[in-house]
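According to TrEMBL, the features are:
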- 40-59: transmembrane segment (TRANSMEM)
- 45-663: domain 'Major facilitator superfamily (MFS) profile' (DOMAIN)
- 80-104: transmembrane segment (TRANSMEM)
- 110-132: transmembrane segment (TRANSMEM)
- 220-250: transmembrane segment (TRANSMEM)
- 270-294: transmembrane segment (TRANSMEM)
- 300-322: region 'Disordered' (REGION)
- 354-372: transmembrane segment (TRANSMEM)
- 392-410: transmembrane segment (TRANSMEM)
- 422-441: transmembrane segment (TRANSMEM)
- 465-520: domain 'Kazal-like' (DOMAIN)
- 545-572: transmembrane segment (TRANSMEM)
- 584-607: transmembrane segment (TRANSMEM)
- 636-659: transmembrane segment (TRANSMEM)
Amino acid sequence: MEISSKENPQFFSNTTILPVDRSSFKSESSASKEKRSCCGGIKIFLGALSFVYFAKALSGSYLKSTITQIERRFDIPSSLVGVIDGSFEIGNLLIIILVSYFGAKLHRPRIIGAGCLIMSAGTFLIAMPQFFMGRYQYERFPSTINSTISISPCLQDKSQTPLTTLEKPQAKTNAGCEKEAGSSMWIYVLLGNLLRGIGETPIQPLGIAYIDDYAIEENAALYIGCVQTVAIIGPIFGFLLGSLCAKLFVDIGFVDLDSVMITHKDVQWVGAWWLGYLIAGVISVLASIPFWFLPKHLPKPESRKDSSTSSEQSKFITEDNKDQYKSYQQQLKIAEMAKDFLPSVKNLFGNPVYTLYLCASIIQFNSLIGMVTYKPKYIEQQYGQTSSKTNFVIVPAVAFGIFSGGLIMKKFRVNVLGAAKLSLGSSFFGYLLLLSLFAMGCENSDVAGLTVSYHGTKWTTDYEQALFSECNSACACSKNDWDPICGENGVTYISACLAGCQASNGSGKNTVFFNCSCVGTLESPSQNSSAVVGPCQKGNECPKMFLYFLVISVITSYTLSVGGTPGYILLLRCIKPHLKSFALGIYTLAIRVLAGIPAPVYFGVAIDTTCLKWGSKRCGGRGACRLYDSSALRYVYLGLTLVLGTVSIFFSVAVLWVLRKRSSPQDETLSANGERGACGTKSRKDNFVNSDCLIQTTYWPEKETRL
């Protein structure tokens, strides 16, 4: 250094040595470390929360895919299945207020981890009835069972049938009725789903609020979109798991599968519905592990340290005291938190944007929950297809739609007013597309005595009386049986006896019936007509209609999903930051109580009104529905969905109107650097009443309650 200084005396003489502020370097270094710590911590939490969303979405979607299996296994109607499905929302309802309000002051990650363990316990409980119930028994005429005895389906002379065949069901009626109590095991499914709802409670309000608290403001929408997108992957695997388990017989591992005489296409088939719940329970346990090692608080980003509210929130909420939020963040006693509970509720519902958006969401979720719950049944009954084919293309469309909504919010820096517009637009065009599905249905299958007469003509009369005709009058048949066969004329008959079949050949799935007096047309006598086991397939036009239905469903799902993330941002930005968890909890509670619980029930009741043929239990009473009126089912299912969706759009318009009324023209546009107008965050706080960039307090019914 000495040589260098001598060689360059002029350089050193002309150079002014400025004092070095080491504290600034220290602060910059600590800030960069804090930023890295903040980013790393929030991303770890983001990954853990995404996996939890995946786990709960997988178990929830698997439940939806097993609705039909549970209905058949426990022989219960759709309305009761709706009650079982709604028990999840009831469990959520029991503790959502306490968790969302008090949980925000406690260790949020650990509360989420505990919720995952409870959710896994409920999932295991759902599968328990399979291990305590007897083996599944389906209706089958004796001639279709592996036997060396040849029995005539049409019992014209009861003496031709072995005595044991006729008397065996009667002899064991009392024993069967005693075992019938096993069908009440569906209560364990209800309780398990209830417990699963309790465990799921803290995930959404505490997890989303945690991200919004510690993420950089412009990244919050993208992070929430990512969480919801990963959550949509859960249903993909849930429905895939449901499709695989549905093809396995319910008693797999307990009975010889070679002795099973029905296939997975039969309406009496019950798949291994319990197996998927065991898998989902294990995944929920694994999802809980990371949350026990996450901190209670993360370092806040520099952009949020100087303000208790974000720049977006400062437009919609007032602050009477800047230190109010800081004092609120301190540890509070349970008594003090409980004292502020009612004022917080009053403040939330005094916010017109929050209240109107809550009403719109409740009605929209009524339509969506009802539609999703019974979509597998609708596809099966309307098109004769399995729902797995639809789910594999619809679920990715929903994921892409939610991610697109978050990406649009980030890329174009959409404000609250823009988020409301995007949410409204997606709902409007989504339900408009859904309207076209009315024209994409299939006609009723030709079922003798139900949808067509025994002569092949369509009619609408008393269905029970129409089951009997001259062609089967000599047969001793029961109208309660459901053992469908397909005649060579393309008409389905409820049983071989009602088809008037005099003889059979083969056994099990390969049974062929001959001399069926009711099979045939007026032009061709039916003396030598035959039939095979199982119902006939839908018409030739039905596969084409199903393809159209698939395309429209994918487009509709994507369109409706785009508005998901903007709706969340609208919800988070119209309330004060310390009430975010509580507001999300109230929002979730309202959705559960007013949409999640009633929607599956009244959708199920409405769908039950379209049933043409009910099954019967061994001890009497109505069982599960075997056949629906396709046209009536289409109008009831789609009609309810569209009516509810239309009402929700009117509330969304009201939300947009209130936001427009409280926003000045400067707030609706963004500058090139993403800042609004010339008013900064600080000036908004200091000059709230006189600022043109802010909403006037006179438009709000009340100010924020002091805590």
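Glycine too: its Cβ is placed from the backbone N, Cα and C atoms.
Remember, TrEMBL labels are computer predictions, not curated facts.
Sequence-distant contacts of the transmembrane segment (80-104) (same chain, six or more residues past either end, CB-CB distance under 8 Å): 60, 63-64, 67, 70-71, 111, 122, 186, 189-191, 193-202, 205-206, 209, 334, 337, 341, 344, 373, 578, 580-582, 584-586, 588-589, 591-593, 595-605.
Residues 42, 46, 49-51, 53-62, 64-66, 69, 73, 130, 136, 207-208, 211-212, 257, 260, 264, 269-276, 279-280, 386-388, 391-392, 395-396, 398-400, 402-403, 405-407, 409-410, 561, 564-566, 568-569, 572 of the same chain sit 6 or more residues outside the transmembrane segment (220-250) yet have a Cβ under 8 Å from a Cβ within it.
Here the transmembrane segment (270-294) sits against the transmembrane segment (40-59); at least 3 CB pairs are under 8 Å, leaving out pairs fewer than 6 apart in sequence. Sequence-distant residue pairs (6 or more apart) of the transmembrane segment (545-572) and the transmembrane segment (40-59) include fewer than 3 whose Cβ atoms are under 8 Å, leaving the two stretches without contact. In this chain, the transmembrane segment (40-59) lies out of contact with the transmembrane segment (354-372); the count of Cβ pairs under 8 Å, excluding pairs fewer than 6 apart in sequence, is fewer than 3. Long-range Cβ contacts of the transmembrane segment (110-132) within its own chain (Cβ-Cβ under 8 Å, at least 6 residues beyond either end) map to 49, 52, 55-56, 59, 63, 91, 99, 103, 182, 185-186, 188-189, 191-203, 206-207, 250, 273-275, 277-278, 280-282, 284-285, 287-292, 294. Taking Cβ pairs closer than 8 Å, the transmembrane segment (422-441) reaches residues 364, 382, 405, 408-409, 414, 545, 548-549, 552-553, 555-556, 559-563, 566-567, 570, 630-631, 634-635, 638, 641-642, 645-646, 648-649, 652-653, 655-656 in its own chain, all 6 or more past its ends. Secondary structure of the domain 'Kazal-like' (465-520) per DSSP, as helix, strand and coil residue counts: 8 helix, 15 strand, 33 coil.
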